[in-house]
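Inspection log for the structure reproduced underneath, given as structure tokens.
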Amino acid sequence: MEPISHLVKSSLPNYLSSLPVPDSIGGWFKLSFKDWLALIPPTVVVAGIGYTAYLAYCPAARASCSAKISGRCNNQIRKNEPKVVDMIDVEDIAEKAAFCRCWKTKNWPYCDGSHGEHNKQTGDNVGPIVIKK
């Protein structure tokens with residue numbers, strides 16, 4: 001506990017008081033390159049804390065982030081089966097058929113273009129598998 005106490009009561013205040021923070025707006029333009037380098041670490045820490053708070057408390061950021069890191073791809077199609085397998089005879093295909101690979105289609109197993117919205121939300125680049133005769 002003593003190291004934490006020393007950090008909070010002595011080291012951190014000494015570090016912060018030694019930072020070259022100017023008293024006026026004009027003082028920012030007079031900082032040297034070395035002064036600017038000294039201001040980078042606390043700026044990165046403050047930005048990191050702000051970004052973490054943004055992800056924690058902003059619903060839009062949370063939804064976007066969780067969509068990108070979600071490991072499951074099938075969220076709705078035949079969830080009662082242990083493995084979804086569809087057999088399609090090549091003779092049944094007229095000229096060509098596009099099959100879904102993103103699991104977002106409402107017309108399973110055929111692609112209806114739902115991957116476009118999925119790609120926008122997740123940054124993915126999935127598309128259909130197209131079979132030609």
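One-based numbering along the chain as shown.
The backbone N, Cα and C atoms fix where each Cβ goes, glycine too.
Just so it is clear, the model here is predicted, and its values are computed rather than measured.
If you check Swiss-Prot, you get these features:
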TOPO_DOM  1-35  topological domain 'Lumenal'
TRANSMEM  36-58  transmembrane segment
TOPO_DOM  59-133  topological domain 'Cytoplasmic'
BINDING   C100, C102, C111, H115  [2Fe-2S] cluster binding site
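Comparing local CB density within 10 A for the binding-site residues C100, C102, C111, the maximum falls on C100. DSSP classifies C100 ([2Fe-2S] cluster binding site) as coil under the three-state reduction. The record gives C100, C102, C111, H115 for [2Fe-2S] cluster. Within 8 Å of the mean position of their Cβ atoms, the other Cβ atoms in that chain belong to F99, R101, W103, K104, T105, D112, G113, S114, H118, V126, G127, P128. Computed over the topological domain 'Lumenal' (1-35), the whole-number mean pLDDT of the model equals 90. Counting residues per DSSP class in helix, strand and coil order gives 23 helix, 0 strand, 12 coil for the topological domain 'Lumenal' (1-35). Same-chain neighbours of the topological domain 'Lumenal' (1-35): 42, counting only residues six or more beyond its ends whose CB sits under 8 Å from a CB of the stretch. Around the Cβ of H115 ([2Fe-2S] cluster binding site), the same chain contributes C100, R101, C102, K104, D124, V126, G127, P128, each under 8 angstroms and 6 or more positions distant in sequence.
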